[in-house]
Amino acid sequence: MKKTINQNIFPWIWKWHFIGGIISAPVIIILAITGILYLFRDSYEASQIQRLSQVEEMAGDKMTYQQQWELVKKEWEKVPTAVALPGSESEGTEFISGKFSQKSSLYIDPYAKKVNGIVNVKETDMQKVRKLHGELLLGRYGAKVVELVASWMVVLIITGLYIFWPRGKGIKGFVTIRTNQTKRILYRDIHALIGFWFSILLIIVLAGGLPWTDVFGAGFRWVQDKTETGYPATWESNTVKSIPDEGTISLDEVMAKAKELSLDGRTLIDLPQKPTDVFSIYNRTANLSLMKKYHLDQYSGEVLVSHGWADIGILIKGRLWVMAFHQGQFGLWNWYLMIFVAAGLLVLSVAAIVAYFYRKRPGSLSVPAVPDGFSPSIALLVIVMLLGVTLPLFGLSVVLIFILNKLKVEKKMSMNN
């Protein structure tokens, strides 16, 4: 009996890998293409940023940072929430308002004492690419579709490895593409071999994307909070308070402190908005172990709280690492590797679709059949349940599929009666 069950598992897994793959493939292709395009963001936007940020050093009075801040508050309809520490004397000052897609940057030339220009992230070409990558340009509903497909991708990788594993063929089965067989077999082999050799990298890339999602991401953050493996409570500036006094320190003093700290990567300063807010100095760096954050009393300039990589919990450390890897932020090797992975994902997805159309018979979807009377084992159901709990939208889709399948069977039985 055990032998019969094991023989039946393969077509059952193959059927659901087939259905999930064909439905997901168009979205996966979009994700692969937009992922490749977004990796070129820095080089694509470099000329515009350089034009706005580069300034000509001139003799004479140069605006202080405090004067620049006052000018920005006067001339900009947005509220400046942060400022970047210039990397050199020939670099202007970037004031920032908002975060993520709502972020805007205003560039000041302190020598010419004027605004060089403004960049609104939501109006940039690359933000449109990012929205297509993360939401399919469909807002929250599109984000759920992307999360559902990403969840199914995890399952497709697991089931694909089981289906592909070349039982009894030795090492040859892991590297051979059968070019002397039918075109369907050729494209199936291309799909299977790329999927096998890229499987670990694809899992890491998915791990870097899933924490950004709505449902899985919310669950991930809940686990972080409950296990206290996220950021320390005083990491965010709104959890630390200044003690109001007669006068505040100037932005120049804060910028001098930030320069003195010599943080790795790009240094930013969050600006206080209320009398009890603090100045927060922190950095953006590819070397995550060198992350730092300092909260300064806006009146005395005293460092109230400071944090580093050692203060961050294990889950957020893992999340930050896989997210940075996903975006190719660890240097050229990582960038080229992500291009390679995205291109591989694109090729294996296209190969799957081509193989399907070579397989498809006229008037039929050609879905693989499962032997009559097959019933998944308890172990198999437990694995599906665990995946459903870990990836909630996958779990929800499985429940929906089960209900629809049950209704289909009942309808067929009633018609036969």
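The first residue you see is number 1, and the count goes up from there.
A Cβ is built for glycine as well, from the same backbone N, Cα and C atoms used for every other residue.
What TrEMBL says about a protein is an automatic prediction, not a curated fact.
Sequence annotations record features per position, and here TrEMBL assigns transmembrane segment to 16-40 (among others).
Taken from TrEMBL, the feature transmembrane segment covers 145-165 (among others).
Through the fold, the transmembrane segment (190-212) approaches residues 134, 147, 150-151, 153-154, 157, 160-161, 163-164, 174-177, 220, 319, 322-327, 337-338, 341, 344-345, 347-348, 351-352, 355, 391 of its own chain, all at least 6 residues removed from its boundaries and within a Cβ separation under 8 Å. According to TrEMBL, the feature transmembrane segment maps to 190-212 (among others).
Using a Cβ-Cβ cut-off under 8 Å and counting only residues 6 or more beyond its ends in the same chain, the transmembrane segment (335-358) has close neighbours at 21-22, 25, 28-29, 31-33, 35-36, 39, 182-184, 187-188, 190-191, 194-195, 198, 201-202, 205, 325-328, 366. Feature annotation from TrEMBL assigns transmembrane segment to 335-358 (among others).
If one looks beyond the transmembrane segment (378-404) by at least 6 residues along the same chain, the residues whose Cβ comes under 8 Å of a Cβ in the stretch are 9, 144, 147-148, 151-152, 154-155, 158, 210, 215-216, 219. Positions annotated as transmembrane segment by TrEMBL: 378-404 (among others).
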Outside the transmembrane segment (145-165), six or more residues from its ends: residues with CB under 8 Å to it: 10, 13-14, 16-17, 20-21, 23-24, 27-28, 31, 133-136, 138, 192-193, 195-196, 199, 202-203, 206, 209-210, 213-216, 387, 391-394, 397
